[in-house]
Every structure is written in structure tokens, then in C-alpha cells.
Amino acid sequence: NHMESHKLTSKAEKAIECDECGKHFSHAGALFTHKMVHKEKGANKMHKCKFCEYETAEQGLLNRHLLAVHSKNFPHICVECGKGFRHPSELKKHMRIHTGEKPYQCQYCEYRSADSSNLKTHVKTKHSKEMPFKCDICLLTFSDTKEV
């Protein structure tokens, strides 16, 4: 697996360890920047999920997490497979699996997608020289998340 070998190679190059969380870094500057995360966490009141380990400094993000992960309210039901969704827009997007509809067309080639985010990823990875995906360990950049 390319990703696993990449991670192992990158971890071998890391010699400095954060004494608060155990994360490893290749140079002191990266460790210093990382330690700011721990300082910011201590300065802010953390909102913790009562069902799992999730925590955040923002109440709104906790509310979104609770709805997305722990809510059992799925009022919009797919008539084809019975899967439930919280919002009508999620059901509409899901229905494209059953209908085969792909309304999003690439402006550079024949690629079509049922989802706008998949089209954006396609354009970035196939039609640009951008390298938007960065490895957290070695900081190299890649055009596709599968390469990280």
C-alpha cells in the first residue's frame, strides 16, 4: 500500500516527540507550531460530546457533531432502499445512486458526476497542476488524497 509505506518512511524521519500528545516531528519549528494547539485548547473552554471522545472549542461545531453522528432523526426516507436522511437535499443527492443521474459535467472532458464535490476533485486532480493535499507527517504535497 503506497500510503502505508509513505507513512512508515515519513515516521522514520521524525525524531522529536511532543511531550503532551506523543506526536512526532522532524524539526523543532514544527513541534513549536504544534504546541500552540495545546496552548489554545487550554485557553478555550472545550465543549465535549457526552456520547464519545469528540471535543471542540465551538458550541456550534459540537451541535453539528451531535446531529450528524448521534441523532436518530431521519425523516426523509428513500423509497427505493429505505435509507433515511435528515435533510431533503441529502435524499435528493442519494436518489442519484438509484437513477444514475449525473448532472455535473466537467468543462474539460466527458466526465460527469452525481455530486458537485466529486466534480471539483476531478478538475483539481485531472486538469490542474495544483497539489492541494499535504501529508501531515512529511509535508509533501500531492494532487490526489489517495497519493498521500
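The backbone N, Cα and C atoms fix where each Cβ goes, glycine too.
Sequence annotations record features per position, and here Swiss-Prot assigns zinc finger to 16-38 (among others) based on sequence analysis. When DSSP labels each residue, the zinc finger (16-38) comes out as 11 helix, 4 strand, 8 coil, counted as helix, strand and coil in that order.
The average pLDDT computed for the zinc finger (76-98) is 91. According to Swiss-Prot, the feature zinc finger maps to 76-98 (among others), an assignment based on sequence analysis.
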